[in-house]
């Protein structure tokens, strides 16, 4: 239970993270709220057992510390907690548990005041997946097993509470969702019981509904929505290095604070010891109607997707789709080693074009092909041919295949013999 509260113990005293502000003179001020457990004038070590069973003759004390840069530390009078609440009921608390809940409430209230009614946190882009249908071996070389959960084919969303107490719900591209009041209402209730600084990362989703329908619901400005918010991660802007397994523990504790939510859910996690176990879970998730699976490096930090950065601590597993498309042109890559390497250009029935990477050609072959293939040779031997393309999914906005790779031509063609 101790791990559900932000902060840490030092010399048997638990201190919440400092809440910092600036004085009128421009100096940094810090406010810290602490909890200690006393028994006959002795400070006891705080244990998880104290959250379920009272210690004889023990009382909990709450106090605050305040200091300004280069100034002395001022310590408040202690507030003593001598008994829990709701005794005899299912939601009864012990002395220690009640003291921590009281301290968290004061901590959150102070944090809101110091942020100010008009001070809003910036949007932090969510962490993006780097690996597709590949699980790095390093994931299994850590002390803690990788984490796997079902991949829902929904709309990515991040939630946080603003300085005025309102809920900000925004997309992967940092666009605010203006509707979804059903979800925001429950988020506001949840934030009454948890650290107000935490960001919740997940997907807007309704099971077995197509992505296009979900996207339409997510972007609607209407107050009502059928969508649910499935949360699979959490993070703090000043603690991005916190490992994934620790974040998952905190996320579980967050959802324990309010268990009567209807539209917000924690995504279930599974630990795996090898790739075969991860692949079996992926197969099971697909049978249940999900898109596939996400694999997380248990010790990986939270790496925001600034500038479309894709984190090497995430992998996505999902079945590939394939179809035939008409080849109409060719081009080259735009940067790095892809510059000068041939790419195929295919066309959809609606005349929209998209680029396809040859899957079975080496870079040396792709360089040679782009250098030697002329428009005349292309028109004579390749234009209008059906190209088999495997891809992850169709874009809900354009219908274009995403992560498209050319497997080969429907009729046997050796493109290297053309040049």
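Cβ atoms are placed via backbone N, Cα and C, with glycine included.
Taken verbatim from Swiss-Prot:
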ACT_SITE  151  active site, N6-AMP-lysine intermediate
BINDING   149, 151, 203, 232, 294, 316  ATP binding site
BINDING   203  divalent metal cation 1 binding site
REGION    1-120  region 'NTD'
REGION    121-317  region 'AD domain'
REGION    318-419  region 'OB domain'
SITE      153  site 'Important for the catalytic efficiency'
SITE      211  site 'Important for the catalytic efficiency'
SITE      402  site 'Important for the catalytic efficiency'
SITE      403  site 'Important for the catalytic efficiency'
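Overlay of Swiss-Prot annotations on the structure.
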residue	record	DSSP class
149	ATP binding site	strand
203	ATP binding site	strand
211	site 'Important for the catalytic efficiency'	helix
232	ATP binding site	strand
294	ATP binding site	strand
316	ATP binding site	strand
402	site 'Important for the catalytic efficiency'	strand
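Annotation: 151 are the recorded positions among 151, 153, 211, 402, 403 whose CA atoms are within 10 angstroms of the CA of residue 316 (ATP binding site). Residue 153 (site 'Important for the catalytic efficiency'): 19 other CB atoms within 10 A of its CB, across all protein chains. Neighbours of residue 203 (ATP binding site), defined as other CB atoms within 10 A of its CB across all chains, total 21. You'll find the Cα of residue 203 (ATP binding site) roughly 8 Å from the Cα of residue 153 (site 'Important for the catalytic efficiency'). According to DSSP, the secondary structure content of the region 'NTD' (1-120) in residues is 28 helix, 41 strand, 51 coil.
Listed in sequence order, the residues 150, 152, 267, 293 complete the 8 Å Cβ shell around the ATP site centroid, once 149, 151, 203, 232, 294, 316 themselves are left out. Each of the recorded sites 211, 402 was scored by the other Cβ atoms within 10 Å of its Cβ; the lowest score goes to 402. In this structure the C-alpha atoms belonging to residue 402 (site 'Important for the catalytic efficiency') and residue 153 (site 'Important for the catalytic efficiency') are separated by 14 Å. The subset of recorded positions (151, 153, 211, 403) lying with their Cα within 10 Å of the Cα of residue 294 (ATP binding site) consists of 151, given in sequence order. Mean predicted confidence for the region 'OB domain' (318-419): the pLDDT average there is 93. Neighbours of residue 149 (ATP binding site), defined as other CB atoms within 10 A of its CB across all chains, total 21.
Rounded to the nearest whole angstrom, the C-alpha distance between residue 149 (ATP binding site) and residue 211 (site 'Important for the catalytic efficiency') is 19.
Among the recorded positions 211, 232, 403, the residue whose Cα lies closest in space to that of the residue listed as 'active site, N6-AMP-lysine intermediate' is 232. Rounded to the nearest whole angstrom, the C-alpha distance between residue 153 (site 'Important for the catalytic efficiency') and residue 232 (ATP binding site) is 13. Applying an 8 A CB threshold to same-chain residues 6+ apart, the list for residue 403 (site 'Important for the catalytic efficiency') reads 132, 391, 392.
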